[in-house]
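See structure below.
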Amino acid sequence: MAREQLQVLNALDLAKTQWYHFTAIVIAGMGFFTDAYDLFCIPIVTKLLGRIYYHVPGDPKPGTLPPNISAAVNGVALCGTLAGQLFFGWLGDKMGRKRVYGMTLMLMVISSVASGLSFSNSANGVIATLCFFRFWLGFGIGGDYPLSATIMSEYANKKTRGAFIAAVFAMQGFGILTAGVVGIIISAGFKHKYPAPSYEQDPAGSTVSQADYVWRIILMFGAVPAVLTYYWRMKMPETARYTALVARNAKLAASDMSKVLQVEIVAEQEKLEEQAGQSSSFGLFTKAFMRRHGLHLLGTTTTWFFFDIAFYSSNLFQKDIFSAVGWLPTATSMNTIEEAYRIARAQTLIALCGTVPGYWFTVAFIDVIGRFAIQVMGFVFMTGFLLALAIPYHHWTEKSNRIGFVVLYGFTFFFSNFGPNATTFVVPAEIFPARMRSTCHGISAAAGKAGAIIGAFGFLYAAQSQDKAKDDKGYSPGIGVRNSIFFLAACSFLGLLFTFLVPESNGKSLEEMSGENEEDESTRSGTEAAIHAV
């Protein structure tokens, strides 16, 4: 039997879209802007690091990061993110969303700056300190996932909640785009100021000493948006759902939301205490949770896991895919800074044409056609486009067909973002009880990052050519880009299948989805017995 909703929660569910909604989107979204910038500027950085620190005199090819170093630099932030999602997700339910929110942001700011200031000018010293600080950067980034999603879901009204949470996540698109734009501006400026010959003309002279500043500046820029939003994060009140349903303080929840919504709200402390006695208080590792939400958690974790294998593999290794189809010139025909510029330009084009529009299509349609339909559609199109790339792969490698490859590749990103990239983030913030909402979102996100780690580490080796002569230096022959894309298509298809475990939350309140407005079975049976006795 459903209970009557607390007035403060009902006011939030029925509130008209107001200025505070947009303020919350920007404050929470700038964290994701920073997250995406820091994680996706690394393709540019790794090329620079390879050229600067791993050049071998007399080698016919420019220096590249050895396989173990490349895997570490690409994957260490993802490992930190996974740990941060689990830790801060749990902490957000224990200490409150707001109290933990500032910690994650400051960790990102300090780690972004420190990454760019990595000590020493030797390869081992720079890589060791860079990996150390990027782990902690990832740890802070990880905390932002469950906290931002939970805060936005608990602030939003039920009519446009999906669009608001998706808008927070959509700031990732601008972060990815900005990573490319900043890369273009910094590398173009240095290329103009410090011209250099190509590698094939002068191997040693193709890398000017000033190139070492390029990757450092790019990494440190990630701290700027986080610094700008810190003050406003600290000014945000705790969410009413945490204050009322977890901290059990109806008076403070009503007071905070009266100021935010600019309406008078009755505290209803007695009603809250009465409902607390009737509510089930099952924990995460209980049979009651497994019965009510076990399949839901399985659905949110597996769909995010399989999606991130495909998404991060493709995104982190755009430079390899572009080079494989000849969309980027050969490395020997460019100097160090020019190669960084070309990679940044290609990444920006894909972000502008496919990534950013996809995010905002989700924002526009998620409360119209629902989360389930968008996720199914996204996985179907991802699978289809990846197969369209892989099956006639040799056709796409011909010079006259390379633009077609890039177009299909861009559509894959469009339907990633107008699809499961957004919905796997939105749904876990809506379907679990308030007392474990942040934790369950953190678990779901961590499963996604486990997939991202598989993509980041595995794709490095898997995408190597089966022809040893065509492999990058230091790598063993792999299964090739074509077979790797087949694997990514299979992951997308598995994500589609597990989507059917995830419930539709469109148009429903958080308490309806989580079952928090229903009486506990034991309480209800006791009440019914008392009524019959009378």
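Using the three backbone atoms N, Cα and C, a Cβ is placed for every residue, glycine included.
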Per TrEMBL, the range holding transmembrane segment, considering 65-88, 233-256: 65-88
Long-range Cβ neighbours of the transmembrane segment (213-232) (under 8 Å; 6 or more residues past either end): 23, 26-27, 30-31, 33-34, 37-38, 41, 44-45, 48-49, 52, 102, 105-106, 108-109, 112-113, 115-118, 137, 179, 182-183, 186-187, 190, 337, 340
The transmembrane segment (100-119) touching the transmembrane segment (163-190) per 3+ Cβ pairs under 8 Å rule: no
Overall pLDDT of the domain 'Major facilitator superfamily (MFS) profile' (24-507), taken as the mean: 87
Outside the transmembrane segment (403-422), six or more residues from its ends: residues with CB under 8 Å to it: 166, 169-170, 173, 303-304, 307, 310-311, 314-315, 321-322, 325, 327, 349-350, 353-359, 361-363, 365-366, 374-375, 377-379, 381-382, 385-386, 388-389, 396-397, 495, 499
